[in-house]
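**Student:** Here it is, the structure in full.
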Amino acid sequence: MSRVEEKILQAGRADNFGAGPTGLPVSVLERIMQEGLSYQDSGMSVMEMSHRSRWYDAIQASAEAGLRTLLDIPDDFSVLFLQGGASLQFSMVPMNFLAEGKTAGYVTTGSFAKKAFSEAKRIGNAKVVASSEDRQFTTLPELDGAMLDPDLAYVHFTSNNTIYGTQWKDWPNGIRVPVVADMSSDILSRPIDFSRFDLIYAGAQKNLGIAGLTVVIVKRAFVLEHAISGLPSMLSYKVHLENDSRYNTPPVFSVYVLSLLLDWVKSLGGLDAMTARNEVKANLLYKTLDQSNGFYQGVASTEARSLMNVTFRLQNPDLEPSFLAAAKEAGFVGIGGHRSVGGCRVSLYNAVELEQVQRISKFMEEFRAQHTQMA
Ligand SMILES: *Cc1c(COP(=O)(O)O)cnc(C)c1O
């Protein structure tokens, strides 16, 4: 057993498959603890320092540089470190870009996508341009980008549907209007083709660290040329852009955790290595479902399956409570489905290790063996 494995065992750390917030890499937690009393030569922890100190200057610069390198963000995009979660972006996007007399298009592929749509309707005109609600969000809708009304203020997508477990693989072609995407639950899990987007946003607590921080990556010209002026300062992308995300106090500690997390991704080999690792993890779990003779049934249709959130049900729903209880007993945390849909969900964000997926997969096979004999 390695020194790290020993420490994990000693600390009694659970296998955390929560959908968000979720686990952090152990090496990141160790760094946080090491630097907990004094960060470098500052004489204080990051929690205690000024957001205008030279130490925080370097932390924010490192977080931005890390995102730019790993995601290969083009120079004409700005990175903003905001608060209010992805949920505030549901409002900020239409406040900034949905002008009077215009309509915004929403692709509703799950609960968060619907929330984004309903917040937009509070601000202005918004319509659904494609939806998979008629198929209970188990798949993704067909959408020909060229068919979209070219007069839309923007079209809004959700790249990964955290609750239903579906994920866009390819983006619709031929879209001629600005594209906005909520990438809260799969940012940094795979490359992003920035030529297809004008603004993306993500709450940090799934793949970028801890709650309190929302990362917005936006094409500068989209803001400078199209954003509505006269908004309350805190709700204006332009204000945050002009103030280097420090119009007010940013979530200093969350940005620090992001910077450590990005260093960790780099140390594993960057985004390509992360993508490969995520594919191996998800394939193992989907194989466990698919080779269970129907005992476990995937919720999402095969072609839309998410690499981040694996949703499934037990063929015999009466067994679900005992399955979830046994999983909890075995040290697996966070695998109940979202309270709105039930069932089971194992989230495999970046920080989840392959060994953890192997453990839950083995547990699932054993549970099936026990309960098939009884049937
Ligand atoms: C978790 C999640 C949200 C909500 O994020 P908050 O930061 O809690 O507001 C929005 N969209 C998606 C896709 C999510 O997974």
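Placement of Cβ uses the backbone N, Cα and C atoms for every residue, glycine included.
Grabbed the feature section from TrEMBL, which reads as follows:
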DOMAIN    16-359  domain 'Aminotransferase class V'
BINDING   Arg52  L-glutamate binding site
BINDING   Ala86, Ser87, Phe112, Thr162, Asp182, Gln205, Asn248, Thr249  pyridoxal 5'-phosphate binding site
MOD_RES   Lys206  N6-(pyridoxal phosphate)lysine
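Any idea what these are sitting next to in the structure?
**Tutor:** Here Arg52 (L-glutamate binding site) comes close to Arg246: these same-chain residues lie at least six apart in sequence, with C-beta atoms under 8 angstroms from its C-beta. Reduced to three states, the DSSP call for Arg52 (L-glutamate binding site) is coil.
For Ser87 (pyridoxal 5'-phosphate binding site), the same-chain residues 6+ apart in sequence whose C-beta sits under 8 angstroms from its C-beta are Lys115, Glu119, Gly203.
Secondary structure at Lys206 (N6-(pyridoxal phosphate)lysine), taken from DSSP and collapsed to helix, strand or coil, is coil. On its own chain, Lys206 (N6-(pyridoxal phosphate)lysine) has Ala19, Gly20, Pro21, Thr22, Thr162, Ser184, Ser185, Ile187, Met308, Ser347, Tyr349 as residues at least 6 apart in sequence with a Cβ closer than 8 Å to its own Cβ.
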**Student:** Could you say whether, by DSSP, Asp182 (pyridoxal 5'-phosphate binding site) belongs to a helix, a strand or a coil region?
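**Tutor:** For Asp182 (pyridoxal 5'-phosphate binding site) - judged by DSSP and reduced to three states - the answer is strand.
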**Student:** Of Arg52, Thr162, Asn248, Thr249, listed as binding-site residues, which ones have a Cβ less than 6 Å away from ligand 1?
**Tutor:** Thr162
**Student:** Name, in the order they occur in the sequence, the residues of the same chain whose CB lies under 8 A from the CB of Thr249 (pyridoxal 5'-phosphate binding site) and which sit 6 or more residues away.
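**Tutor:** Same-chain residues close to Thr249 (pyridoxal 5'-phosphate binding site) (Cβ under 8 Å, separated by 6 or more) are His51.
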**Student:** Does anything in the same chain, at least 6 positions from Asn248 (pyridoxal 5'-phosphate binding site), have a Cβ under 8 Å from its Cβ, and if so what?
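**Tutor:** Expected: Met234.
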**Student:** Express in Å, rounded to the nearest integer, the largest CA to CA distance found among the pyridoxal 5'-phosphate-binding residues Ala86, Ser87, Phe112, Thr162, Asp182, Gln205, Asn248, Thr249 named in the record.
**Tutor:** 31
